[in-house]
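**Q** Here it is, the structure, as structure tokens.
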Amino acid sequence: MISTESVLESGDQPCIRLEPLVNTHLPGNATPTGGSCAVFIDGTTKVTANGVHDIENRILRITGYYGYNPGYSSHRREDGSESHAETPGSETSEESRSYQTCTNTALKVLGGLLLVLCVSSSWVGTTQVVKLTFQSFSCPFFISWFSSNWNILFFPIYYSGLVVTTREKQTPIQKFRECSKLFGEDGMTLKLFVKRTAPFSILWTLTNYLYLMALKKLTATDVSALYCCHKAFVFLLSWIVLKDRFMGVRIVAAIMAITGIVMMAYADGFHGDSFVGVALAVGSASTSALYKVLFKMFLGSANLGEVAHFLSTMGFFNLIFISCVPLILYFTKVEHLGSLSSLPWGYLCGLAGLWLVFNILVHVGVVLTYPILISIGTLLSVPGNAAVDLLKHEVIFSVVRLAATCIICLGFLLLLLPEEWDSVTLRFLANIADKKSEEHGEELTDSSVHTRSRSRANGTVSIPLA
């Protein structure tokens, strides 16, 4: 018999030939020569004990059983069965990995829902504390400036959380320098500090100041609802400036937001404090949208550490360069501050703390959970403020204002739809239609089988028409 090794060494393709079987006795029967079998291959004789192994190889070679190779035996099949026995273990590992993925997703969603409540509560608390502060201290720009200074604490809070969670070995100065690469490869210079920070700091201050001014004219519910229009303005600016994808449903949402603004201004007529308050709230939403679009344009790829660095830098810029504005307003008697001891420091510190907590939750939540949940948390501040206004301040809402608020909130929800929402919806509806058609076909099959069995029981035969 030609061995496998000689075939492989020759370099030719293996050739399998049927060889004449001289001994036709089956294994277990005695041969005429006394228990041995002679096989003639190419004129040579090979004797095997009882011919068992040789006959088995011949049968397997002829039938091609199990993809026969020379030297294949039943022991190899047993080894193969053992290798196949390892597949259930791999299936178990895949199931464990899928279970772990589902668990992580569930924890992320639950954490996001908890974060939604925290974002909504902090924003409602900020708005209501502002209303309480205005009862004894009506200086909106000073309140905005004082609250913006607390952004300096953003990076220290971020570094403290990093040390607790990851055992950070870098010093705060080293981490601050590492995150300062956001301004360029050379780090932060005085020129870059002013060039990059000044526009964002001015927009930040304007957003807060206009929001506080609007709260002097309107209820907290109306201002928070009008502020939600910033989502529509972000879409329009992103579409124009950043060349984002055009979506018809978002255009409809923007139209709904503008409709709600007009209805809110028309609620008390186009005059008086109501119209001014609506204009101030819309101005706050517009500057907020411009801030977010510019942030996405220049700092869109920033990580959480770089964002914390940037917000702390904005706090320093506010403290150094914008401190002159409250002084100018004080000496021109636009805002009367009074003595330092007469200031409501409790309300001011509580307001600044809540505002800082809100900003931390917004920026951290985008990294830890889904960004859509943060937007929903901002939207939930509208019914939250409405509940406080109704129960505590006994505010009576007109039908026009309620309708305008509902339209703005509905437009906000439409803006949260993903870009591929239409194709996803069509696939979902197509799957439902396919399932219904399959169920209908199964019902027809079952009914036809039942009809045939009943007609056979009655002895009737149906003859198909030609």
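All positions are counted from 1 along the displayed chain.
Every residue, even glycine, has its Cβ placed from backbone N, Cα and C.
From TrEMBL, for reference:
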COMPBIAS  75-85  compositional bias 'Basic and acidic residues'
COMPBIAS  446-466  compositional bias 'Polar residues'
DOMAIN    112-265  domain 'EamA'
REGION    74-98  region 'Disordered'
REGION    441-466  region 'Disordered'
TRANSMEM  106-125  transmembrane segment
TRANSMEM  137-159  transmembrane segment
TRANSMEM  193-212  transmembrane segment
TRANSMEM  224-242  transmembrane segment
TRANSMEM  248-267  transmembrane segment
TRANSMEM  274-295  transmembrane segment
TRANSMEM  307-331  transmembrane segment
TRANSMEM  343-362  transmembrane segment
TRANSMEM  368-388  transmembrane segment
TRANSMEM  395-417  transmembrane segment
**Q** Counting Cβ pairs closer than 8 Å, which of 274-295, 307-331, 343-362 has the most of them with the transmembrane segment (137-159)?
**A** 307-331
**Q** So what pLDDT does the domain 'EamA' (112-265) average out to?
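**A** Overall, the domain 'EamA' (112-265) comes to a mean pLDDT of 90.
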**Q** For the transmembrane segment (343-362) and the transmembrane segment (193-212), does the number of C-beta pairs under 8 Å, pairs 6 or more apart in sequence, reach 3 or more?
**A** no
**Q** Does the transmembrane segment (307-331) make contact with the transmembrane segment (248-267) through 3 or more Cβ pairs under 8 Å, each pair 6 or more apart in sequence?
**A** no
**Q** Taking 3+ C-beta pairs under 8 angstroms (sequence gap of 6 or more) as contact, is the transmembrane segment (274-295) in contact with the transmembrane segment (193-212)?
**A** yes
**Q** Sort out for me which stretch, of 106-125, 193-212, 368-388, 395-417, has the most Cβ pairs below 8 angstroms to the transmembrane segment (248-267).
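**A** Of the candidates 106-125, 193-212, 368-388, 395-417, 395-417 scores highest.
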**Q** Short question: which residues 6 or more past the ends of the transmembrane segment (395-417) have a Cβ under 8 Å from it?
**A** 219, 221-222, 225-226, 228-229, 231-232, 235, 247, 249-250, 252-257, 259-261, 263-264, 266-267, 372, 375-376, 379, 382, 386, 389
**Q** Please give the sequence-distant neighbours of the transmembrane segment (193-212): residues at least 6 beyond its ends with Cβ less than 8 Å from one of its Cβ atoms.
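**A** Here the qualifying positions are 130, 140-141, 143-145, 147-148, 183, 223, 227, 280-281, 283-284, 287-288, 290-291, 294-295, 298, 310, 313-314, 317-318, 321-322.
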